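Step one of this worksheet: look at the structure below.
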């Protein structure tokens, strides 16, 4: 069945004889797009004006082609027939087809179209491979095409998942490809390995030109290896799927390089890009980033996790409730300090917040992608230890811990506030912890984020604000006691002093209740009309 499908594709794409001779006259017929192997070409498509493309002078050592087309956020269709057939066409923003060449075939053609009424700017390229190269998607059993070189992406607020079909070993022109599941030895497709690559677009750049320009760096094997970050290598024991942390509003390109370790050859799948949001739709949310500040308010942080996990409340309702509960939590901490002055209990909160911030920074490094952190027990035990170890370390110098917490956490909130208007990856320091708490399957996600110009600028701002804030607090506290008496104690002491010291002018101040009644009486007099006394005439005797 697979061979039959490849033969059909070859027949559709190869039209020998007088037809080619007629098209060769004058280089190309009207409306025909000329392509060269490995050369990108911009194509403007619309529903009323589909395009037909042609590739000439294909080298004889080329066994198969991968022809692909990309657009930023609108679907396009590539097919080997004017009317797209189910097994000979693909539709999407990043799509491609594999064409197995026939003996002596040196030319082929395909059709490009879109269902959009307006013009769709797209980018197309044919890439060639030899018989020694593996065939991406050659052992597809999940998707529609018999040979499917495409990568399929799904995303939500928490994670972005890519899926692709397994590859097969290459074969010469006109030779049947090897069966996919007959054997599992080193002479079968099971020896193939899959390198998954990730490439970040410039931060905050949602333009069409940037997407199409950077997709050119992720199409071929050499280009992908030179420009992208290799995330992981999958082998025969792994599923052909991978999850990443969703970076809403940040453009990311993914690609897979399939390698044959015995022949030392490789081939690239069709790259796919995503912004983890609905670009081009009013409800997409790419232009407004959702950023969470409640990580620094323990009550709000815990309440948001609770209300999200157990209730179906809308996002805005959850934010309002979280803000209210966060304020209540902050007032309770202040009330405990005002009344009882319990230093250890009150300073436990800033210490835990500082530890949480440190844990988030640690997880944003390559250490956060270690396999051990995919275990929920290890992850949350490490979280608790990191949150508690800071107060324990600074137990003998609580004032230093409080100054550090205020300086580092306070300056980080400034960074987050700036990030609300200019994209920054630093927001994921706390956001990834929140995602892990809300979505259990997030443990599978690869949490790599880009560090680009905006991030380095905000890192410098964060550092300067933290250093200046810490320095200012240390200078202000020189010569002062570690912590002043709590306000209730000062108020009580003042009350006792006023009662016993009759020479103190404040001793003669009326009680608060009498002063309030006096003020109310004065205000009431302002609204009363003065009574007329009439005319008085003295009596004359």
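Just so you know, glycine gets a Cβ as well, placed from its N, Cα and C.
Residues annotated as signal peptide in TrEMBL: 1-21.
What TrEMBL lists as domain 'TM7S3/TM198-like' is 286-474.
Annotated transmembrane segment per TrEMBL: 291-307 (among others), in sequence order.
Among the features that TrEMBL reports, transmembrane segment is placed at 319-338 (among others).
Here the transmembrane segment (344-365) has Cβ contacts under 8 Å with residues 295-296, 298, 333, 336-337, 373, 382-383, 386-391, 394, 398, 401-402, 404-406, 408-409, 412, 425, 428-430, 432-433, 447, 449 of the same chain, all six or more residues outside its ends. Annotation source TrEMBL lists transmembrane segment at 344-365 (among others).
According to TrEMBL, the transmembrane segment annotation covers 377-401 (among others).
Summarising the annotation, TrEMBL assigns transmembrane segment to 413-434 (among others).
Long-range contacts of the transmembrane segment (455-474) within its own chain (CB-CB distance under 8 A, at least 6 residues past either end) are made by residues 203, 403-404, 406-408, 410-412, 414-415, 418-419, 424-426. According to TrEMBL, the feature transmembrane segment maps to 455-474 (among others).
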Stretch-averaged pLDDT - the domain 'TM7S3/TM198-like' (286-474): 77
